[in-house]
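Annotated in Swiss-Prot:
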type    : residues          : note
BINDING : 41, 108, 119, 120 : Mn(2+) 1 binding site
BINDING : 80, 108           : Mn(2+) 2 binding site
MOTIF   : 124-139           : motif 'Nuclear localization signal 1 (NLS1)'
MOTIF   : 184-247           : motif 'Nuclear localization signal 2 (NLS2)'
């Protein structure tokens, strides 16, 4: 091969190639294929520039004879082939005189007519794969890319080929000749296979050993290597290449790439039907707390003691009665269950020593509410495998529900500030490194914005309830244990406060698998009259249990106090995640942090302080039918936190599906906004996948309606 190179190429080109290789510590005698590739590339660059001039009128002309006309200026500046220092000097001087953006990598030519740098590529592989690698490396809109292959194909940025047909034909003919010459000497195959992908500094991450073998084994058919596949995947250009590729890969696939324009997307279709109902494990905005300040009673911190103490702060109890029955339930049983709780709490007080936990008597009303003996008997498969008509229960399709306004109100409420702090700042040691100092500063600013947020109250309430329920489920499997729903906070003045929201009674809980269900009955205090939005409370039986005196601007008013009772269930895995709800704080902090980082990298200094302290600046919070909503940085923190908390409270398969599928549509719309000219195939299928998740879940329906607002404003 070395002999061939020295015979085939002009001695000046050979010398430049040797010099270039030596600069990188490579030996032309050993790396002969690389030697040939560099010579070829140099020759193409020179041929690209040959005979092209700019006349005195600034027009591009072709002059092939040795016309000694001094007024002609070379159209192209050749950068390739110079030593690095000289090459960068030329590039800098061009940038200074023309104002063109300075490229990150050394380009090959500069075109004085079009005022742009040109990156020339010569490839033994497919032009579009090599083009994408180049584009990936260059990462600049300003540098023009032009790729030639040894088979006569070419590809250039925006299909703008710079040169006339004849000049390009000359280059293609020369490349074809080189290929023929190599083939006749038996050198072509080795040369063709030796081409490596473009390396960029940041992507020189090698996968080796077992991981490499696994990667190569798991490639789709028709791909020889991981690099090949990577380039192919990165290379989505909606110009026809991909349709051909898809049809090569499978006869069943025929994808027509459709351009995605402002008029393409339609709004998501939300389901019709009765309004959706509340399905959280505990009440949110409607919860009412019975509280004690500065608790110092005997046994303080033991939930049952705290609960009894809180119950004693209220004097307005009255004979309970059902005000909103549960359509499908036996409502008198819910009433009896509450009366039983009151009676058994009274019994505890009459005892000399209050116990630490309370197991309820297994009355008929509790057995009914907790589904005791309701589970079908389990039969060993061996005993029934011969039954001819063995089949699974038919299950009904879920009934579609429409979006109701209460879920938006719930979300708004979760973003609000309360008058208590729900977060104790953990003591973390002194900062040692500067990065720790920045981290502490960010954490402290963020905490200040969210510690009083209602979403933080929901986190603490969720953590407490799930921890207590999981503990009881393991410690008292067969008992109907009474579990108070408690939270702790600090008032504005810094006084400690213990709150009681109501009670849970747990059913039998022999939880072997993560998904085994434990039933529980929840009984929660509230001042919300259920008759105002009966559809929200479909799953509840609501009792009126007392009258509460409230201080208002016009003096004291008496309001009825309600008890929201329902049967519910959860599993080990759900309780485990519920116990980890504090992660929501971390997730929203990270989202805020990425906003700070973006700001800091623009300003080239840490912007944490300015970010939180510049009260005049507003930030986008979300979309509503009115347009993009904006607010203070504190509001952004609380909104992000509330979203994260609701994702946890309303976790469901519908949410998983909606998030994953709608994200794809979101990315396409973002690409359109960024003027990246996205193309799609089977957009109808994507809409189907998204809309199949819009059934009856209130949080998913709300997110879908927000998504529609976003579509409207993004595509204006």
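Any Cβ shown, glycine's included, is placed from N, Cα and C.
Sequence features, as recorded in Swiss-Prot, placed on the structure.
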residue: 41; record: Mn(2+) 1 binding site; CB count, 10 Å: 21
residue: 80; record: Mn(2+) 2 binding site; CB count, 10 Å: 22
residue: 108; record: Mn(2+) 1 binding site; CB count, 10 Å: 24
residue: 119; record: Mn(2+) 1 binding site; CB count, 10 Å: 24
residue: 120; record: Mn(2+) 1 binding site; CB count, 10 Å: 22
Note to self: Whole-number answer please: how many Å between the C-alpha atoms of residue 119 (Mn(2+) 1 binding site) and residue 80 (Mn(2+) 2 binding site)?
What the structure shows: 10
Notebook entry, point to check: Which residues, same chain and not among 41, 108, 119, 120, have a CB within 8 angstroms of the centroid of the CB atoms at the recorded Mn(2+) 1 site?
Noted result: 44, 45, 80, 107, 109, 118, 121, 122, 146
Next item on the list: Measuring Cα to Cα, tell me the gap between residue 80 (Mn(2+) 2 binding site) and residue 108 (Mn(2+) 1 binding site) in whole angstrom.
Entry: 5
Next item on the list: Could you put numbers on the helix, strand and coil content of the motif 'Nuclear localization signal 1 (NLS1)' (124-139), residue by residue per DSSP?
Entry: 12 helix, 0 strand, 4 coil
Margin query: In the three-state scheme derived from DSSP, which category covers residue 120 (Mn(2+) 1 binding site)?
Written below: strand
Next item on the list: Give the helix, strand or coil assignment DSSP yields for residue 41 (Mn(2+) 1 binding site).
Entry: helix
Notebook entry, point to check: Taking the motif 'Nuclear localization signal 2 (NLS2)' (184-247) alone, what is its mean pLDDT?
Noted result: 71
